[in-house]
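Quick notes on the structure that follows.
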Amino acid sequence: MSIKAEEISALIKQQIQNYQSEIEVKDVGTVIQVGDGIARVHGLDNIMAGELVEFSNGVMGMAQNLEESNVGIVILGPYKDIREGDDVKRTGRIMEVPVGEELIGRIVNPLGQPVDGLGPILTSKTRPIESEAPGVMDRKSVHEPLQTGIKAIDALIPIGRGQRELIIGDRQTGKTSVAIDTILNQKDQDMICIYVAIGQKESTVRGVVETLRKHGALDYTIVVTASASQPAPLLYLAPYAGVTMGEEFMYNGKHVLVVYDDLSKQAAAYRELSLLLRRPPGREAFPGDVFYLHSRLLERAAKLSDAKGGGSITALPFVETQAGDISAYIPTNVISITDGQIFLQSDLFFSGVRPAVNAGLSVSRVGGSAQIKAMKKVAGTLRLDLASYRELEAFAQFGSDLDQATQAKLNRGARTVEVLKQDLNKPLKVEKQVAILYALTRGYLDDVAVADVKRFEAELFMYIEENHKGLFDTISQTGNMPADEEWNTAIEGFKRTFAPSN
């Protein structure tokens with residue numbers, strides 16, 4: 001068998017023509033130092049700020065410090081298996097999370113991965129977690145109410161859709177309870193709720209999820225959790241992941257409520273990262289950009305203009321104070337960013353006033369324009385009445401000889417405080433709130449014993465439901481106040497049937 005040189009050269013030429021190069025150019029760096037969730041990497045000269053990188057063991061990281069000779073990378077996962085000398089690959093992607101309807105009812109971590117054991121989340125849509133807030137011309141002023149179902153808030157510190165309302169108070173003053181009740185009250189309100197738990201105990205998050213499930217609220221809620229046992233970068237990223245999931249709905253014309261529980265822990269996680277990255281510390285050892293950390297997050301809550309679809313994100317950030325000190329660094333920062341604050345006081349909480357809202361220090365800067373007409377009418381003087389009662393109460397402790405007007409004010413104040421108390425996980429529809437506040441402000445409760453106020457309220461609602469349902473329907477459908485005569489007839493009719501306890 002003879003081998004022909006022409007055939008061989010033809011074969012070689014054919015092979016050369018069919019050859020496809022599979023050379024892939026990758027930007028690879030080398031770990032020069034690792035520890036405490038931070039890796040220093042040499043060789044990634046073209047990396048972008050905030051870009052995702054992949055370590056040789058599959059763990060992801062995020063580029064934070066771009067220095068002359070190395071890159072400071074925060075590791076988004078376990079870092080114990082990463083060694084000096086390991087390769088680090090660029091991905092060319094900025095941090096993204098999955099978004100869309102498929103997330104509703106699920107519990108995810110800040111990377112958008114499910115942690116509820118219910119299988120993968122079947123969505124291919126993602127959004128970058130850092131995005132620009134809507135501009136001035138893309139916004140509209142807040143004008144629709146967001147009913148929390150809590151009398152003290154809806155009457156005194158009303159919240160509108162698209163507002164940022166800070167909830168501030170010491171630990172164990174019922175901050176989370178206020179948020180949970182607000183989420184429960186959004187049932188049938190066409191709202192999507194996102195609860196972001198930052199640095200909470202896993203048992204606490206489990207309790208919140210069970211409460212939401214029991215009341216059917218998981219049908220419209222996404223839970224994003226970065227528990228206390230997780231690395232600091234995940235605690236820092238959690239709020240951004242939550243608001244990004246909300247933005248997908250907002251830009252599609254829907255209304256979203258995002259609860260950040262709580263931003264003090266996010267600030268502490270960011271401080272930890274910044275100090276490990278050797279950034280210069282400032283006041284209370286926080287880095288210089290801790291204000292920007294929160295402002296760029298909360299500015300993404302907005303009420304969009306009609307041209308942009310009219311969707312909204314309402315933000316309820318929490319900040320924990322130490323011994324009621326609202327003049328500390330993080331509290332003052334977040335107060336200045338938000339459109340008002342609800343201050344929960346431990347003294348009130350322990351004296352049995354729950355929710356423990358301090359009406360004097362709490363304020364809503366834009367919510368008043370979103371309040372429905374009926375509520376505006378009955379709650380107009382409530383804040384002043386409550387403030388003057390608190391003042392008189394302190395004064396009345398010293399003397400027993402009080403004139404009739406002062407005594408009447410004290411009596412009315414005691415009943416006001418009693419009416420504004422509310423049980424846990426029992427949000428109240430706005431029409432019922434208006435009914436009891438009308439009875440209070442028009443003096444119908446003045447001759448009812450303080451101990452009977454709770455029962456009076458419950459029985460009044462039942463009586464109106466059965467005999468004067470039109471009153472409730474008018475408020476729920478139009479937001480307007482029915483005529484005073486109708487109210488007076490209903491409440492006087494009820495009072496004739498109400499039996500005071502002995």
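Backbone N, Cα and C atoms are what each Cβ position is placed from, and that goes for glycine too.
Here is what Swiss-Prot records for this protein:
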- G169, D170, R171, Q172, T173, G174, K175, T176: ATP binding site (BINDING)
- S362: site 'Required for activity' (SITE)
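Feature map: annotations from Swiss-Prot on the structure.
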residue: G169; record: ATP binding site; Cβ contacts under 8 Å, 6 or more apart: K175, E320, T321, G324, F343, L344, Q345, S346, A356
residue: D170; record: ATP binding site; Cβ contacts under 8 Å, 6 or more apart: E320, T321, Q322, A323, G324, L344, S346
residue: R171; record: ATP binding site; Cβ contacts under 8 Å, 6 or more apart: E320
residue: Q172; record: ATP binding site; Cβ contacts under 8 Å, 6 or more apart: S346, F349
residue: T173; record: ATP binding site; Cβ contacts under 8 Å, 6 or more apart: L344, Q345, S346, F349, A356
residue: G174; record: ATP binding site; Cβ contacts under 8 Å, 6 or more apart: L344, F349, R354, P355, A356
residue: T176; record: ATP binding site; Cβ contacts under 8 Å, 6 or more apart: T204, V208, D261, F318
residue: S362; record: site 'Required for activity'; Cβ contacts under 8 Å, 6 or more apart: L156, I157, G340, Q341, I342, F343
Cβ-based neighbourhood (8 Å from the centroid) of the ATP site, residues G169, D170, R171, Q172, T173, G174, K175, T176 excluded: E320, L344, S346, F349
DSSP three-state assignment for G169 (ATP binding site): strand
Cβ packing number for K175 (ATP binding site), 10 Å threshold: 24
